[in-house]
Amino acid sequence: MSAGRYAPSPSGDLHVGNLRTALLAWLWARHSGRDFLIRIEDLDRVRAGAEQRQLDDLRALGLDWDGSPVRQSERLGLYEAAIARLRDEGRVYECFCTRREILDAPTAPHHPPGAYPGTCRDLTEAQRAERRAERPAALRLRSEIATFTVQDAIHGTYEGAVDDFVLRRGDGVPAYNLAVVVDDAGQGIGQVVRGDDLLASAPRQAYLATLLGATPPTYVHVPLALNGAGQRLAKRDGAVTYAELREAGVDVFALITDSLGLTGASPRELLESFDPAQLPKQPWVFEPPVSSG
Ligand code: GLU
């Protein structure tokens with residue numbers, strides 16, 4: 001049986017919207033009889049102490065997980081092996097473009113907005129040698145398709161753009177889109193529950209999974225938490241973390257379960273009546289109490 005997972009980035013504390021997504025990922029996994037794994041996505045922007053506080057907050061919410069959390073920073077060899085495999089198959093090329101150059105490049109009609117325009121796709125070896133002297137290359141996937149379709153439990157059949165996305169950044173760090181696919185495949189993840197801000201990335205990731213010989217997971221992209229102004233909830237909105245809300249006298253578990261229309265005093269209790277079809281399909285608007293700090 002495949003597993004479900006929650007994969008936080010330890011760039012800061014989780015806010016109540018992140019905790020809500022974590023609870024949903026746990027419910028979805030346990031409801032379908034799956035193991036539930038935690039993966040720390042620490043390839044980027046790590047804040048001291050954040051990983052421990054995130055795990056403490058997930059535990060405080062009553063979540064449990066199978067095995068120890070894995071850290072992406074300890075799996076670099078796996079990402080490099082995947083890149084080597086794709087490289088051997090001729091699916092990788094070096095890219096020397098800066099962000100500015102990509103933004104300024106004319107977009108071809110068959111490229112969706114924001115897609116990499118393919119500037120470095122067909123450089124000659126001599127051109128590459130010249131550009132290498134300027135800056136370290138990023139590695140991009142030589143994608144053979146323009147769109148890919150995934151199945152999502154909330155969004156149904158979803159087709160989205162697949163461009164020549166980055167596999168390894170110019171600074172040598174594996175890109176999120178590569179690491180997430182290598183890990184989901186390697187850890188036996190068959191169900192990915194996460195915020196719907198990542199829905200548009202799912203086709204790229206599912207396509208890459210197929211290139212690496214894996215079956216793409218079933219996706220469940222859940223609505224995000226928004227602030228009163230309709231923007232994605234953030235730390236600056238006031239008391240939004242577990243600790244801040246407790247400080248303000250809020251029962252965080254009850255707040256989250258109310259927002260989901262669920263009743264029960266613990267995640268296990270929620271499972272008894274959990275029905276994925278009944279979950280809200282709209283974003284959750286949360287107006288945090290203004291924190292004194
Ligand atoms: N680490 C990502 C985040 O915290 C989530 C990635 C994923 O679930 O695929 O936003």
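Glycine is no exception: its Cβ is also placed from the backbone N, Cα and C atoms.
Heads up, TrEMBL stuff is auto-annotated, nobody curated it.
In TrEMBL this protein carries:
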BINDING   R5, Y6, A7, P8, S9, E41, Y176, R194  L-glutamate binding site
BINDING   K235  ATP binding site
DOMAIN    5-278  domain 'Glutamyl/glutaminyl-tRNA synthetase class Ib catalytic'
MOTIF     8-18  motif ''HIGH' region'
MOTIF     232-236  motif ''KMSKS' region'
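Taking all protein chains in view, 24 other C-beta atoms sit within 10 angstroms of the C-beta of P8 (L-glutamate binding site). Residues belonging to the motif ''KMSKS' region' (232-236) score a mean pLDDT of 94 in the model. Annotated pair S9 (L-glutamate binding site) and the residue listed as 'ATP binding site', C-alpha to C-alpha distance, rounded: 15 Å.
According to DSSP, the secondary structure content of the motif ''HIGH' region' (8-18) in residues is 3 helix, 1 strand, 7 coil. Residues from the binding-site residues list (R5, Y6, Y176, K235) with a C-beta closer than 6 Å to any atom of ligand 1: none. Applying DSSP to the motif ''KMSKS' region' (232-236) sorts its residues as follows: 2 helix, 1 strand, 2 coil. Of the listed binding-site residues, namely R5, R194, K235, the sparsest Cβ surroundings within 10 Å are found at K235. The candidate set comprises the binding-site residues Y6, Y176. Of these, Y6 has the most other Cβ atoms within 10 Å. Sequence-distant contacts of A7 (L-glutamate binding site), defined by Cβ-Cβ distance under 8 angstroms and a gap of at least six in the same chain, are I38, R39, I40, E41, V180, D183, R194. Cα separation, R5 (L-glutamate binding site) to K235 (ATP binding site), rounded: 24 Å.
Distance from the CA of K235 (ATP binding site) to the CA of P8 (L-glutamate binding site) is 15 Å.
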